[in-house]
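Chemist: Submitted below is the structure of interest, expressed as structure tokens.
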Amino acid sequence: MAGKTLYDKLWDSHLVKQRDDGSALIYIDRHIIHEVTSPQAFEGLRLARRKPWRIDSIIATPDHNVPTTSERKGGIEAIEDQVSRLQVQTLDDNCDEYGITEFKMNDPRQGIVHVIGPEQGATLPGMSVVCGDSHTSTHGAFGALAHGIGTSEVEHVLATQCLVAKKMKNMLVSVEGQLPFGVTAKDIVLAVIGKIGTAGGNGYAIEFAGSAIRDLSIEGRMTICNMSIEAGARVGMVATDEKTIEYVKGRPFAPKGAEWDLAVEAWQDLVSDADAVFDTVVKLDAAQIKPQVSWGTSPEMVLAVDQNVPDPAQEPDLVKRGSIERALKYMGLKANQPITDIQLDRVFIGSCTNSRIEDLRAAADVAKGRKVAATIKQAIVVPGSGLIKAQAEKEGLDKVFIDAGFEWREPGCSMCLAMNPDRLGSGEHCASTSNRNFEGRQGAGGRTHLVSPAMAAAAAVTGRFIDVRELRNPA
């Protein structure tokens, strides 16, 4: 009998009932909620005269709509947008009513859901984790079964602690070798998406493995798993190892004492068996990956920084040719234009993909002693949580950014999506460390280019895309 993949093990350990129609009922260990997808779910509970089944499994924080400027210091009443103000207030009210742990807007522990969950130790190896947000795959970096759910499913999990789901196929993405200097986890995942496309992972749970993945920090692994959904996969994961255990140890929600010892023992099995069979295997050579930049309106439209924008006339597939033509028109680019010739208007360093302390350190390392280019209208740095902000300030990173001409903000989702005051104007090009570059994602008519934090900082100080390795020396 063939061995099991990590995904198989996680699925089997949470399976409550297999149903005749091919779907299954799975148990949920951790439910993370925010202000956008939870209000309707709580209202549904009230209408059905139900209460949350397991209060201690839920943590909450507002993130999508919260302002990242000093406006927030005036409290919820100071939020200018009426809908945003109502959603943040409703989350507070619902959590207060049911006794749910919430890190409110001005709590120093508040932040982006996919940053604070791991930061607090609320995400643990072997758990099943859901949230009403597609980037919940981030938590798979801990050897957890994690994926986003819709609002109706948020209500279902609140009421029953279970979820109806169908088992996915197994994909292994193996990245072997040593990454070149200046190449990061963000570049790996963009390269993966460029290789398999945004539909490549449809119907799969992706396990990321190989020496290059093992060499990444836990924060780097979170970046990789975060963008699994951009590759078409709801689930992305990395097997548990000593780095995972060391990261979790001592965090507020982590087990303590004898329970910790038992947990660590159980976590040793959270790896794919040596003889496990994957339905699909994708291989990348880490040494061949260069700093990546997305040029179009889909994450799969990505190239190395030293390449040129594609020429649709050279694409034989009529559907792909049409997609390239539409993307070029929306992005205001020309066929064969060098990536390094793209002029930028704004720079955003933040989001659940790249707002952790290592991301900020990498960006600050590039920004130190330099100035934001005069052609850049705005460059903002948004920490993923209040604790990360405090740590960065302790290290003096805020001063590095401010001295260089960046704006240093309060935590939140910010310019990743146009649901708060941070957004692009029509026609503006932005170097962004976020995860999506769809039309209008950062504001109506806005043009998003996905990059790593170091590449974003390099773009800010030069006004265009440049290989960050030209500005840094190997240690």
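Glycine too: its Cβ is placed from the backbone N, Cα and C atoms.
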Chemist: If I go by Swiss-Prot, which of Cys225, Cys352 binds [4Fe-4S] cluster at the same site as Cys413, Cys416?
Modeler: Cys352
Chemist: On the three-state reduction of DSSP, what should I expect for Cys416 ([4Fe-4S] cluster binding site)?
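Modeler: Looking at the DSSP assignment, Cys416 ([4Fe-4S] cluster binding site) belongs to a helix.
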Chemist: What count of other C-beta atoms do you get within 10 angstroms of the C-beta of Cys416 ([4Fe-4S] cluster binding site), across all chains shown?
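Modeler: Within a 10 Å radius of the Cβ of Cys416 ([4Fe-4S] cluster binding site) lie 29 other Cβ atoms.
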Chemist: Determine the most Cβ-crowded residue among the binding-site residues Cys352, Cys413, using a 10 Å radius around each Cβ and all protein chains in the structure.
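Modeler: The residue with the densest Cβ neighbourhood is Cys413.
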